[in-house]
Amino acid sequence: MVMNDQLENDLRQLIRLAIAEDLDVAVDWTTVAMIDADRRGACEIVSRADGVAAGVALVPWVIDEFDADLDVEVLVGESETFTPGTALVRLSGSARDLLTSERVTLNLLSRMCGIATMTRRYVELLQGTSARLYDTRKTTPGMRRLEKYAVRCGGGHNHRTGLFDGFLIKDNHLALGRSKLSTDSDDASKPTRLSAGEAARRAVEMRGGLMNHLVAPKIVEIEVDGLDQFDEVLRTGVDIILLDNFSIDDLRTAVKARDEAGVGVELEASGNINIDTIATVASTGVDRISSGALTHQATSLDLGMDWTEGFAT
């Protein structure tokens with residue numbers, strides 16, 4: 001699983017905030033009162049449920065932000081499946097540091113493994129189809145790259161990272177946008193609504209002029225809510241058409257029309273995508289299925305920290 005400087009930077013900022021939430025400008029008073037400074041110990045982060053690993057390779061960065069006197073041994077690989085009782089990470093060193101860093105480490109891993117586990121369930125239901133599963137921007141503020149990393153660990157794909165790296169024209173853009181095709185006779189107090197076709201062509205043209213920009217948008221995607229809008233944008237040069245809340249029959253109709261037109265645009269189904277509907281949606285022949293549920297409905301996986309050395313007998 002590919003990690004990069006941006007992911008590390010986001011993680012470190014998040015952990016600094018988490019440490020500030022726990023310690024403020026003080027210390028873990030309970031641990032200082034109960035545990036001798038020279039006490040050593042070891043523990044393992046153990047799963048209480050079936051799951052998919054995500055974030056285990058990031059634990060050394062977490063421990064580094066605590067400036068903890070701890071050694072970290074990662075026992076499973078990212079994306080690996082595991083069963084209840086599986087040890088994911090082993091930590092050894094200062095008993096005080098083990099206790100102080102415990103909750104932040106568990107919270108991060110539980111969240112990321114929960115997302116990866118849910119994503120894997122969805123991905124498995126796509127077997128035998130050509131559809132790929134994508135996440136959305138419905139992520140926890142401050143955790144987007146981490147949660148998208150977890151989606152990749154689960155076998156999913158990442159949609160655009162943010163507003164900066166791709167066009168995604170939605171209904172609100174059309175409702176608030178003004179057509180530039182208005183004539184002089186148009187009533188200025190009643191601007192002409194921006195059509196899907198004009199919006200698509202405008203974005204494609206702008207993308208072409210930004211090719212040398214430092215952060216050029218890579219894709220142009222437009223959301224349509226019916227077959228009339230779909231026909232309007234099919235030949236505009238967009239990369240992806242998002243079919244929002246289309247019926248199964250309309251999804252099949254759109255796929256057939258795209259194929260007959262011979263255009264290279266990808267079709268993405270979205271809306272009402274869940275564990276019960278995704279296989280049927282995939283069977284229509286769409287290329288992509290996106291679901292915000294991967295991140296905003298994922299349940300944190302039950303993980304615990306079990307002591308293996310240094311506990312009182």
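Placement of Cβ uses the backbone N, Cα and C atoms for every residue, glycine included.
Summarising the annotation, TrEMBL assigns domain 'Quinolinate phosphoribosyl transferase N-terminal' to 28-113. Among the features that TrEMBL reports, substrate binding site is placed at Arg103, Thr136, Arg137, Lys138, Arg160, Lys170, Glu223, Asp244, Ser270, Gly271, Asn272, Ser291, Gly292, Ala293. Taken from TrEMBL, the feature domain 'Quinolinate phosphoribosyl transferase C-terminal' covers 115-306.
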Cβ neighbour count (within 10 Å, all chains shown) around Gly292 (substrate binding site): 16
Residue among the binding-site residues Ser270, Asn272 whose Cβ has the most other Cβ atoms within 10 Å: Ser270
Pairwise Cα distance maximum in Å, substrate-binding residues per record: Arg103, Thr136, Arg137, Lys138, Arg160, Lys170, Glu223, Asp244, Ser270, Gly271, Asn272, Ser291, Gly292, Ala293: 41
Helix-strand-coil residue split for the domain 'Quinolinate phosphoribosyl transferase N-terminal' (28-113), DSSP-based: 35 helix, 25 strand, 26 coil
Three-class DSSP secondary structure - Gly292 (substrate binding site): coil
Binding-site residues (Arg103, Arg137, Arg160), the one with most neighbouring Cβ atoms at 10 Å: Arg160
Collapsed DSSP category at Glu223 (substrate binding site): strand
Cβ-Cβ neighbours of Glu223 (substrate binding site) (radius 10 Å): 23
